[in-house]
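According to TrEMBL:
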| type | residues | note |
| --- | --- | --- |
| DOMAIN | 1-102 | domain 'PTS EIIB type-3' |
| DOMAIN | 121-522 | domain 'PTS EIIC type-3' |
| MOD_RES | CYS8 | phosphocysteine |
| TRANSMEM | 144-163 | transmembrane segment |
| TRANSMEM | 189-209 | transmembrane segment |
| TRANSMEM | 221-239 | transmembrane segment |
| TRANSMEM | 251-270 | transmembrane segment |
| TRANSMEM | 339-361 | transmembrane segment |
| TRANSMEM | 397-415 | transmembrane segment |
| TRANSMEM | 454-476 | transmembrane segment |
| TRANSMEM | 496-522 | transmembrane segment |
Amino acid sequence: MYKIMLCCSAGMSTSLLVRKMVEAANERDLSVQIDAYGVSEFDMQFPQYQVVLLGPQVKYMLKTLSDKAASLNIPVQPIDTMDYGMQRGRQRPELCSVADPSGALRGVEMSSLYQSMIAVIEQSITPLAGRLGQQKYVIAIRDGFTAALPFMIIGSFMLVFIFPPFSPDTTNGFARGWLDFSQHYREQLMLPFNLSMGVMTFFISVGIGASLGRQFQLDPVMSGLLAFMAFLLVAAPYADGKISTQYLSGQGIFTALITAIYSTRVYAWLKQNNITIRLPKEVPTGVARSFEILIPVLVVIATLHPLNLFIEAQTGMILPQAIMHLLEPLVSASDSLPAILLSVLMCQIFWFAGIHGSLIVTGIMNPFWMANLSANQAALAAGTVLPHVYLQGFWDHYLLIGGVGSTLPLAFLLLRSRATHLRTIGKMGIVPSFFNINEPILFGAPIIMNPMMFIPFVCVPMVNAVLAYGATRLGWLSQVVSLTPWTTPAPIGASWAANWTLSPVVMCLICMVMSAVIYLPFLRAYERSLMKTEVEKAKNSVPVAETVS
């Protein structure tokens, strides 16, 4: 059986192409197995396959992944942008030998303006994004937060039971009963929240340590546990038989990042320099591995613990408190409108270059978002004003409605397009767009590296950001207090993130209308160019009878 691995940022959009390829294989009676994975799973999965196909949004990782797969002689090939966008499973060379004929869009796609833009992007933007996207520490931080996400989502979900979305003065029987129940059993209901969101740094530190350890060819379990111990050593002071939990949630996030990276680098350096306890070959591997970690544990304790004691003696603050004090201006700046617009602009430009900008931007912003989310949840529990606006729920449900570029309204417009190609893309992309997966539209229309769609693609989420931020500051829009899956449809996810209030639903609808208004004129101009090309191609395909003089 021929085994094919498709790889993109999270394995979501490639799974759509997998279905098409499987259908084509079944029609041709081909014995193949085709699976989709995210790039974070590449190292564990690729040895099982004969070929790896890489989505265009992570094409910048081609060399790195090819070098890894070369040891097993497994080829890594990029998927053509148009094949990916059009979900052309039947035209992949791995499944049939018939080359895919270029459609009418090729004439537009390969224009001189298009080629010039590609040259500029490839020479300037792509190398920068490639370096950022493949940076070991960015990858480790992203993987750490991804590993912690399920625990934090479930913990956040408990908030609606602990703090029902009703006024304390309500007379509604159901609402009154819910409020009374939550107040009577608040201590019991808080337990799952405190052991998930309240100790988010546990999951994050283990995840970062394991991911970074894997990149340094270390045992990921041991490197994850070492990172966990390093964090506890400085962030969980023990006194009077009790461990303080003050820095185990959002306030300790930056300490968790620093200690996880430090402890794993110590482990890697000691191993690379053969500073380790070696046991005879007769000793079982598991026992030998446990002895290998002894010196790294000793070094981490011997460095971090005295450092923590010294900082406390000099400043009266332990390490996580000192780090938060130093980073306070940066954390405050991350919650400002300029920070929102800058992060959106970076994401959109990277995506326009065909690079998964969301992966890069969220990897950088996640520590700030989680610290701010923890502060909002603490304020909710205390009954005080929520301090922060820019959190992951704000990013997912106001700026990325239907996916990057807020393309859900565009998907509806495509369904009514006069251009056959765009109508086809609209039909293919509308359902995934409800769940914020829009690669069929990005690569199929295409929007990626399409000069005619650059302005609305960049401007739409920035306009939405200004609207949502302004409405929040004016007190019209409820703030985010919960973590939600990014695939949750925007109006539902926005309401869920704000503890099921209605104002986020209204804001999502306003943002969708505004997005449609901005996209429409640019889409019409692009539509006219496509229709002209389609008409010319149709004329050229009609055989012309020769005249005999």
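For all residues, glycine too, the Cβ spot is worked out from N, Cα and C.
Contact check: the transmembrane segment (251-270) against the transmembrane segment (189-209) gives at least three Cβ pairs closer than 8 Å, residues 6 or more apart, which meets the contact criterion.
Ranked by number of Cβ pairs under 8 Å to the transmembrane segment (397-415), the listed stretches 339-361, 454-476, 496-522 are led by 496-522. Looking at the domain 'PTS EIIB type-3' (1-102) alone, the prediction's average pLDDT is 75.
For the transmembrane segment (496-522), the residues of the chain that approach it from at least six positions outside its boundaries are 159-160, 163, 165, 380, 391, 393-394, 396-398, 401, 406-410, 412-413, 452-453, 455-456, 459-460, 463-464, 467-468, 471, 476-484, 488, 490, judged by C-beta separation under 8 angstroms.
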